[in-house]
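Summarising the annotation, TrEMBL assigns domain 'Major facilitator superfamily (MFS) profile' to 73-366. According to TrEMBL, the feature region 'Disordered' maps to 1-41. Positions annotated as transmembrane segment by TrEMBL: 72-95, 194-211, 223-243, 249-268, 275-299, 305-324.
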């Protein structure tokens, strides 16, 4: 009986390792019959080690090599980072510090500048420089006074005078001098920085939502148009309030262009190249913006001219976005197969992809 039990249990044990064949259809581009590409999963025999490279199934349908199609999107994203970093740091050149002191009241306007400063502007605690926000009252000591000890100091009540540029002989025209953002009005500078930051923070999420609803390229073009218009209009601002509003709009437009172009770059590059391309856009745009901003700071002093110089690189971004196509990943997500086929055909053509491989992959979309 024991022998019989063992013989009957043996077939049950032998059937345990067996499994039924899978009925699921293979993923296009990843089946054994499909041509293997760089980045796909490579399986070795059971006795060897299996090497797996992280990839996405859509890479084998939507990506046709890495050529001019991806380079154009990389250029646009790099310029978007360039514009965003440049405008964020623009306040350094627009509000460059300038030495200033109390302007003489109308009855003392005839005094030469050096005489006024030496006699009517008190020294600061270190005794090496003149005070920026105070003057003596009375401004000129009387003959009976033995010194300046009996005079009191009062805040500037007639405005401020600013130091002249050594080369031109005229005061440096920054927004500090334009709207007297000094002394008790320094809070205006803090408000300008807060307005700029709030513009980007509020606009970027709405740009992402709009890009998911109507497409990447329409949103990118719309925000880029706003960026160009507001950036040029900013050079003609006549009041500090208008300047603050335009700076907030500029921040929102720059941040939205950056978010949208980065999403497109993320979608048109495959898994292996994505980190490299995104890193190149961030590093390249930031480095170029720092160099360009330093050159403008040294060569241009008037804040209107500085703002125009900052808008010059935007022309290159407009040209790049004009040549760029819609993201095929978004077109596939909204089931717009006709436009997806057109974009993929253009991508395969500019990347010099194999026509047979293109037709084979395109059939997976139909």
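Using the three backbone atoms N, Cα and C, a Cβ is placed for every residue, glycine included.
Unlike curated entries, TrEMBL annotations are predicted automatically.
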Two-stretch contact, the transmembrane segment (305-324) and the transmembrane segment (194-211), at least three Cβ pairs under 8 Å: no
For the transmembrane segment (249-268), distant same-chain residues with Cβ under 8 A (at least six beyond the ends): 62-63, 69-70, 73-74, 76-77, 80-81, 83-84, 87-88, 195-204, 206-208, 211, 216-217, 219-220, 223-224, 226-227, 230-231, 234, 274, 277-278, 281, 317, 321, 324, 327-330, 347
Cβ contacts under 8 Å made by the transmembrane segment (223-243) with residues that lie 6+ beyond its boundaries: 83, 87, 175, 179, 181, 188, 192, 207, 249-250, 252-254, 256-257, 260, 304-305, 307-308, 310-311, 314, 317-318, 321
